[in-house]
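A short worksheet on the structure shown next.
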Amino acid sequence: MEISKPKGSTWTDDQWKAIVSSGRDILVAAAAGSGKTAVLVERIIRKITDQERPVDVDRLLVVTFTNASAAEMKHRIGEALEKELAENPGSLHLRRQLALLNKASISTLHSFCLQVIRKYYYLIDVDPAFRIADQTEGELLGDEVLDELFEEEYKKGNPAFFELVDRYTTDRHDLDLQHLVKRVYEFSRSHPDPEGWLHSLAELYDAASDTKVEALPFYSYIKEDIALVLEGMRQKLTRALDLTKQPGGPAPRAENFLDDLAQIDRLIQQQDDFSALHELVPTVSFQRLKPCKGDEYDPRLVDEAADLRNSAKKQLEKLKSDYFSRTPEQHLESLREMKPVIQTLVQLVLEYGRRFAEAKKEKAIVDFSDLEHDCLAILSVKNPAGEAVPSEAAKFYRHQFHEVLVDEYQDTNLVQEAILKLVAKEEHEGNLFMVGDVKQSIYRFRLAEPLLFLSKYKRFTDDGSGSGQKIDLNKNFRSRSDILDSTNFLFKQLMGEKVGEVEYDEQAELKLGASYPPNEATKTELLLIETPSGAPGEEAEELEAVQLEARAMAGQIRRLITEKFQVYDAKAKASRNIQYRDIVVLLRSMPWAPQIMDEFKQQGIPVYANLSTGYFEATEVSVTLSLLKIIDNAYQDIPLASVLRSPVVGLDENELSLIRIKDKKAPFYEAMKAYLAAADGDERLSEKLRRFDGLLKKWRAYAKNHSVAELIWEIYRDTKYLDYVGGMPGGKQRQANLRALYDRARSYEATSFRGLFRFLRFIERMQERGDDLGTARALSEQEDVVRLMTIHSSKGLEFPVVFTAGLGRNFNMMDLNKSYLLDKELGFGTKFIHPKWRISYPTLPLIAMKKKLRRELLSEELRVLYVALTRAKEKLYLVGTAKDKEKLLADWRTQAAGSEWLLPDYERFQAKSYLDFIGPALMRHRDMDESGAPPVIDEIREHPARFQVSWLSAADLQAEAVDQAGEERHDRLVQIQMGHAIEGAFEYEQQVRERLAWSYPYKDAAKVRTKQSVSEMKRQKEYEDEYGDRSLIRPSQEALLFKRPSFMMAKGLTAAERGTAMHTVMQHIPLTRTPEKNELSRLLDRLVEKELLTEDQRAAIEEDDILAFFDTEIGQKLFGARRVEREVPFNMTLSAKEVYPDLESADEPVLIQGIIDCLFETEDGFYLLDYKTDRIHGKYRNGFEGAEPILRKRYETQIQLYARAVETMIKMPLKGRALYFFDGGHVLLF
């Protein structure tokens, strides 16, 4: 029985249905911005708080896609429970739920798998102390296992293995075959039964002598592709024929086009018969077009018709080269010849998998793939028919979980689906609740399988009468109507069953759910930039495109900010001016991000991007890694030269040349040794090299007995490189980078690997895989900046204004050009490779997979575009570059022809970029009428979507309009750089001379500090006395490597540290009576406990010196004082003339700061007392008598300033001023 929606509820009917429906498996197709997370949380809360049948939270399995999503889910549930508890404070059930929440199964599926394995490890013979391996550690272990396997196979001399090697390796190495083995193994792990899938691979190549191509298991994809191409050709030729009937059309060529159509129709009639097509396709010939000359023919229509025909001819040639360049028998023979090779490959992969699993077991490690498969092994057993059925462990979980709820179900893979089926109840019991949006399935590269979602969506019914219930949430509560209308307009034309994998029908369309105040400026804008043709190379074109797009976006952003574009603030329930933080730029991938950031910064636009790159390129990291490489093996020229040229050794190019000249052919290390052995070398250079070579030998010996992390730290200590980089620009970040390398080494030591060589290989694998620790960011995500991010990173987020850039960039289809392809359904497709002649060509399975995977990749790209467009709340910009505007528009017109909403499958299948999708769709909109839009049905033309299309040229996008004066300044700068005379310069000659002769009138004031401490003034006076000038900083001598600063070389406590310790004791000692020695010792111990003194300072204190102070006359005065103030701070302003008497024009005020050790008041007045720890005995010839005049002179300025400050504060003269010297117990009165 369904629960009726309460009156006043803000949930839509469909949302309410998703919240309360039960008793069957439920699939919720939640469109972008439809509130799916809120619905999921509400469903969970209602189950927990149900008055009649409440469910404990730990009896729900909630599976999320990321750890962050799981944490957010727990947080939301916790908040909802606390709110319920506030309304029902006496509820023990709610208190219990809050207590259970932390251990509830709300996590990623990997985390749930880990939980299952920890509980049932004994069922699959796994070490209970296992840990999850680092990805790089797993790869290195796999490499070792594979190397050992290949070495054994070579020793065996197995002919089948050698044939495999001959076909899949080069004459230099067998790395290609090793990569193939690992790739097939890893791909097999995406299947619930990896071994079964591997054994099926060779079946694809079963081709008996009587087999027909049409009977092969993959032929349906070839047949579909042939039909698609032929239909596309037919549509192009039909369109060309239609053009002949238009006024000004190429009427004489109608006969040509009719003949072409007749030939294509014959092919279409035979498209199910591969052999017949093989005979017919070569017979098709396109006759020479009849001439169309004269004013009666429209050149545009003539050219368009010819282009359509040429396009059809090219497609026919492609069809020939793909399928019909070889006979059907030759195709079948290739399969027969490759079958035993595939079988050998499968056996090799199986053996690798067995050994890899054994190696991981020995080291008690698992990887993420193992988590899923080990969990699957625990939850399933094979029945007599060999089918996987729930084990006792699975039955436990089926009983344990009242409901299994899966978020982002569209991103589930086949193994995860198998696990979910085992822990959920059977379909007729229905406790599986799945939420997702297949239109946002963008993780196929992680082997997600959107077809799982689609198959259920097609199978389930609205009322749940079948095997499950489907519920559509298509009301969007995020975006304005302009965003929704433009998205719907595009995707109704682009997303279909064949390209897109889902029909964008009425159920899939986004419906308006949000309420915004009116704003006429929110129509979707398409910014198209026409780039000059003929740019030198693809890389130059790419660079130019990103700069132009960045410049166009910067201009629009400035306009939005300047014109105070209004965005709606939901919290304030009012509109406000746009801020930079409201804007995001979305990219398919991040290679363009640095250039866009640079351009934005030049235009004064604050920008932020989470760039996780640049760490290994950082100079300090590169130098340290080079140093580690030559410690491992000094005979590596590039790393060695890098270290010698770096600040670690500090050679310049001339010095490197001198070394190389000693031995021009030997490795550089040998040349270095030759230079050291030579008697005629430069002494300074030789000394540098000797010291470095000595350190290199020391480090090599050190590396044998210490960890890599210890070695790195030893290098930092010996070279002082960590300290050195701290003084460079960005020093803190550079030091953090070096510490990160040390931390990376420590984490490496925590793996199953050891040693420097393996660590370097470990780092190389990280770099090969594109892993990067990244560099710290100067701007946080909370600041008012424009964000740059990938479309994948933006999933689940929303922004008031979205720029989707790079729409003209070609899709990455490089994987389709490999010599082999893998597919979960079809298996393994490979080129035929002749072992002797090295001739290769694609087999039919490879061609079939290429067509299938291309369609899947295009479908994924469409979904990525959908995600990008649906991030926008109020304003959407689409930005792209194109080369030839007129040609592009003509192509779009051709592709846009047709009366159906959905653009032809064939045209969409040819798309190479997002613009190839968007352009033809936009050509059918009324806003494109001026571009010669093709005739379409009124429903399309009158769609409510609003677009504004702007074509910009490169000239329009110069970095702010350059005025005439700016051009003149630029020309003069060029003349100066070239050494040419500047015309008209005499006009400014006098002004130039006056400016060059000008002298700053306040040079003396620049030497004056505006704030100075008393101690600094005392030291300044000492330097004046001893050296007669104020040069407190003197140049240091050049040193090899980096000399440790004197303060870092000090052993024990410095004089200043001892003085600080004595002052601390005098600040805290009780002043009621002379303390006993044991009392003083206890006081010192307490100061150490309170961390006011260190152990070293405690040990340095002479207790007798402190006790002797209280035997003096001034010490006794303290006991009878009315008031005692210790550590008295003061500020006082003096004229600069008093502080710097030698300066002529120094009349600026100077702030003087100081701290008085002790100020006390007796019956006869105030006394100032300062403690000194200067060494006297053993330093001065006549003891204190000889020291007194020197000490009096040294501290006279300080005491005078202290006295002046105190007398100003107390407004009366001091009775006495004294210094007490602990060394000897002497008092100096002033």
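Glycine is no exception: its Cβ is also placed from the backbone N, Cα and C atoms.
Marked as domain 'UvrD-like helicase ATP-binding' by Swiss-Prot on the basis of sequence analysis: 9-480. Under the heading ATP binding site, Swiss-Prot lists Ala30, Ala31, Ala32, Gly33, Ser34, Gly35, Lys36, Thr37. As annotated by Swiss-Prot, domain 'UvrD-like helicase C-terminal' applies to 507-796, with the evidence given as sequence analysis.
Looking only at the domain 'UvrD-like helicase ATP-binding' (9-480), the predicted model's pLDDT averages out at 92.
Counting only residues at least six positions away in the same chain, the Cβ atoms of Glu72, Met73, Arg76, Asp407 sit under 8 Å from the Cβ of Thr37 (ATP binding site). Within 8 Å of the centroid of the Cβ atoms of Ala30, Ala31, Ala32, Gly33, Ser34, Gly35, Lys36, Thr37, where the record puts ATP, the same chain has further Cβ atoms from Val39, Asp437, Leu473, Asn476, Phe477. The 10 Å shell around the Cβ of Ser34 (ATP binding site) contains 27 further Cβ atoms across the protein chains shown. Annotation for Ala31 (ATP binding site): spatial neighbours Asp437, Lys439, Asp472, Leu473, Asn474, Lys475, Asn476, Ala508, Leu510, criterion Cβ-Cβ under 8 Å with sequence separation of six or more. DSSP gives Lys36 (ATP binding site) a helix state. Classification of Ala30 (ATP binding site) by DSSP places it within a strand.
The Cβ neighbour count for Gly33 (ATP binding site), using a 10 Å radius and every protein chain shown, is 23.
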